[in-house]
Amino acid sequence: MEISPLQKERLQYQPKLPGMLRGGIANISVQEGEETQSVADQEKIKSLFPLTYGKREITFVKGQNTAPAKKQVVGVILSGGQAPGGHNVICGLYDALKAANKDNVLLGFKGGPSGLTDDKFVELDDAFINAYRNTGGFDIIGSGRTKIETPEQFAAAEATAKRHGLTAVVIIGGDDSNTNAAVLAEYFAAHKSGVQVIGCPKTIDGDLKNDDIECSFGFDTATKTYSELIGNIERDANSAKKYWHFIKVMGRSASHVALECALETQPNICLIGEEVAAKKMSLSQIADQIADSVVARSKTEGNFGVVIVPEGIVEFVPEFGTLISEINELLAGEKTAEFNALPTWEDKKAYIKKGLTEASWNVFDILPENIQQQLFLERDPHGNVQVSLIESEKLFSQMVAKKLEERRAKGEYNGKFSAQHHFFGYEGRCAFPSNFDADYCYSLGYNACMLIQYGYTGYLSKISNLSKPADQWVAGGMPITKMMNMERRNGEDKPVIRKALVDLDGKPFQYFAAHRAKWAVETDYLYPGAIQYYGPSDVCDLTTRTLALEKGE
Ligand code: FBP
């Protein structure tokens, strides 16, 4: 297969490991720390995870490896959305397994968790692995969003494990997938199947983080990719001075991606969903905030600007949330068919008006018609509105246009407003991992092997001190149950890893809040440029602004 010159070079890149993992497998010793407890709902979580709850924190140190010599047959799964660096987790895991014992085996289960239940696998060897080093994507074995949750699925996973003599499974995934890893670990422990389960923290959304996990992998590369593009658009906007660009960025619920891109590019406006919710802002207030910037800039800088909109924004707008749940109620069960059978959009609107409260109808009524219709397009298997399909970048630009015409009529605005729309999501999920993600991911995989060797289960591979150079990184493990609490999901209380939303008191948001008034009016754009893989370390190994600010740097 033909490969690009950059890919050829990247295949040769040797990822950096934390200092304590650099002396070879024989020289990695373990230190156990404090016993742990879950972040909340301790009694409940303990009762649900009697065998894996409360285990100790783990740190690896330089020293004599005392792990029992045992042949390992490990299965690895990529779960959920792609994130740059996933291949390197597998490469790090493979290299450590082979360094420990060349007879160790690594099986890649294909297409996500269903690969384990359906026993679809490939045995990974040097030739296979070498073609994927430091590359983006999850195509090495594919990914999927199947959740292992029914008794039949657990039994099928156990049968696969028995068939191959698996000693461990490594699940590379986000909060839901690692919640699943904890449940699977407990299941295997209860069935005395001898299979350990280790998780690795993945998601470009950056919402799998807490006191122990400083960031999920992929966030660094994805936000750098989006920021490069946003910077390029800013420069184009500042050159032509004729467009307002509305840019939606991925991040299903939390706004970490939008915030990081704003810190890297200093746009005129960046909406943060968590702030919208905290201040209970309405759609109209948000549109006014953007219109204020448009009006002010039209008088000084010109009729151009850049607005970043997080993908999950509308869910954070309280009145919109209420509208969506009323629509979900209104069309529950058979009522969807009744609604779909109505011949015209006008008939449908009349049906909706009858079924909504007055407050929600008023919100619905001010939406542009294309957005109104998007609310009734595709629905998920539970019959809910798929909020991520709503083109919120267009929603806000259309609302702003309306606001500006009102202001023009009052003599408050005399500019020209022309909008361009963009959505940056998939283009960032499979980029060549930045040096940071390449190093971090390789270390996560290598470290997962150490956790397996030392017999741990229900742990998340943990690499910390990430804002420092890699030789100062700290390798270890954290029981997944420590990160869990009880939450209501689909009408039931479920144990889940707590999702990290943007902390409005945290330093990244505070920095943004302290500067945004100036950015809204002036042209203070920052142009980060493309990810650099070769060159000075202060460019190539740079971490995110979010991580640096969180660490007080
Ligand atoms: P994960 O949480 O599985 O990492 O996926 C995150 C994400 O990339 C979101 O940013 C986005 O909303 C979603 O996946 C898109 O999912 P899909 O690939 O199924 O369209």
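Counting begins at 1 with the first residue displayed.
Placement of Cβ uses the backbone N, Cα and C atoms for every residue, glycine included.
Note that the structure is a prediction, hence the values are computed from the model and not measured.
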Listed in TrEMBL for the substrate site shared with Thr203, Ile204, Asp205, Lys242, Tyr243, Met250, Gly251, Arg252, Tyr426, Glu427, Gly428, Arg429, one of Glu311, Glu315, Glu319, Glu492: Glu311
When distances run from the Cα of Glu427 (substrate binding site) to each of the recorded positions Gly81, Asp175, Asp176, the nearest one: Gly81
Between Arg429 (substrate binding site) and Gly81 (diphosphate binding site), the C-alpha gap once rounded to whole angstrom: 8
Candidate nearest Tyr243 (substrate binding site) in space, where candidates are the recorded positions Gly81, Asp175, Asp176 and distance is Cα-Cα: Gly81
Listed recorded positions adjacent to ligand 1, that is, members of Gly81, Asp176, Thr203, Glu427 whose C-beta is under 6 A away: Gly81, Thr203
Maximal Cα-Cα distance (Å) across residues annotated as binding substrate, namely Thr203, Ile204, Asp205, Lys242, Tyr243, Met250, Gly251, Arg252, Glu311, Tyr426, Glu427, Gly428, Arg429: 36
